[in-house]
């Protein structure tokens with residue numbers, strides 16, 4: 001009979017099989033009431049799960065991320081239940097958990113309105129108050145297919161029909177509502193008390209634009225009301241900071257239907273782009289990288305050799321010329337190996353650090369595109385380091401140190417790190433993996449960096465480190481990557497002559513700090529709400545005259561500032577000064593310089609910083625020195 005080992009190491013023995021719920025009750029009434037699910041030998045299960053053999057067990061409550069996931073998954077089913085009661089003709093499809101919430105896709109004859117969402121949310125609350133028991137059932141696949149067909153749920157029947165016939169399927173029942181799901185779920189709808197439907201959007205069935213357009217209802221669910229209110233406040237703030245809105249307001253960029261997923265950079269937006277790219281260019285050159293440039297379009301044969309044709313062909317834009325097939329490159333790495341392969345390489349040439357601001361194209365589904373955050377044409381701060389096995393740790397440590405400095409310069413100081421290790425299916429020897437994983441861990445440890453270990457989550461060709469930054473709204477953005485690769489140098493014949501005079505394959509380190517420059521600029525815009533630090537701002541300041549009598553002096557001030565290297569505009573319109581100040585404040589310029597008769601007579605300038613801060617009068621040389629220090633320090637505030 002089962003001996004249950006709890007997280008604190010204590011063991012509870014039973015003389016008969018027990019459910020997770022019964023184990024929770026044996027520990028205490030409070031835990032039994034708080035329990036949402038269980039974790040048996042590392043696997044999440046329902047409270048009704050029957051334990052018949054010795055096993056470790058943790059009771060899952062609302063206090064951890066796993067408990068929140070169970071709540072959100074169950075709330076997605078509650079949403080579908082409510083929709084089916086209110087709109088019986090709607091067909092259900094899928095409803096997964098996503099970051100901070102969930103969604104559910106429906107097929108319905110007309111778009112859901114905001115009023116519909118209010119009704120659905122109200123019905124969800126009613127179903128929750130009824131405390132309907134939620135139970136798991138296991139059916140033969142064919143029985144489940146026939147059942148959902150009989151209910152008119154053709155999408156759900158299609159999903160189940162794709163499961164191998166010999167496999168049983170897991171269904172969850174709450175009242176009259178039944179849905180396909182692996183689970184686990186809360187034991188009763190009464191556990192679902194804090195939720196909110198947030199929006200409705202379109203989504204293609206199975207993510208394919210050739211299929212029907214469905215309606216995706218998004219929602220969020222939490223354990224506590226305060227958490228929900230904080231999250232909704234964050235959403236409100238995120239809406240104000242939406243880079244798409246600010247991109248229009250600040251005249252940075254636009255995207256139009258004729259070029260989906262491609263960015264039209266306006267002059268101010270391109271100035272911002274140049275500041276980011278030029279900063280990164282100086283940074284990599286100062287750290288021993290050589291910058292290269294490779295072709296945009298490459299013969300299909302190279303992508304077949306590299307393995308990308310098999311893995312990425314659906315995401316690749318292709319073309320033909322003179323009976324040859326070409327692909328627009330979705331990544332730079334195979335092309336960088338072509339440069340490495342030109343001429344014999346020696347161990348003395350390693351490490352070789354090769355960087356490119358490479359323009360890549362990927363045929364992302366149209367439904368996945370999102371402003372400049374998710375596009376089809378993007379530029380990466382991409383680099384590849386070719387090195388010997390014994391150089392991996394040193395190169396990894398140098399990269400990690402560089403990455404931290406770059407993020408700090410852009411105003412991000414909180415970095416989350418994940419180290420992903422060998423999967424079951426992999427290339428390379430165990431000795432190679434042991435050494436590579438140890439080198440990456442040692443590089444992180446040497447700098448005292450905390451990281452989450454992700455066993456089995458590495459790529460088949462090598463372990464990797466992922467770096468995510470937190471913005472001012474505590475949103476997490478995965479940007480940086482350090483990926484070891486034992487595979488591609490072998491596939492593409494990259495070799496060097498080692499000290500033993502034999503040819504060896506180098507280890508290839510794929511690395512990026514910003515990732516997509518488009519996406520990173522979108523993150524910057526939202527992080528700073530468009531009020532970019534002086535060194536990044538497309539326009540540093542505008543010079544404003546109070547009346548026509550100061551036009552000549554204002555023009556001279558603007559000229560001297562431009563001559564000193566600053567990006568300055570002059571607004572000499574015959575408008576009231578308060579009107580001009582308000583207008584330019586909307587555009588979030590770091591500084592406004594006001595020129596009146598007093599300033600002209602004294603040969604000084606009156607300076608206003610962003611946010612209406614009056615810095616008073618000062619000589620122009622003093623202002624120039626102030627700005628130079630601010631730019632050099634790359635200081636900025638949220």
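Backbone N, Cα and C define each Cβ position, glycine as well.
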Among 370, 384, 540 - the residue Swiss-Prot places in the same Zn(2+) site as 333, 510: 384
Residues within 8 Å of the 333, 384, 510 Cβ centre (excluding the Zn(2+) site residues themselves): 331, 332, 336, 382, 383, 483, 485, 488, 508, 509, 511
Neighbourhood of residue 384 (Zn(2+) binding site), C-beta criterion under 8 angstroms, separation at least six: 332, 333, 336, 337, 353, 354, 508, 509, 510, 511
C-beta crowding around residue 510 (Zn(2+) binding site), within 10 angstroms: 22
Secondary structure of residue 384 (Zn(2+) binding site) (DSSP, helix/strand/coil): strand
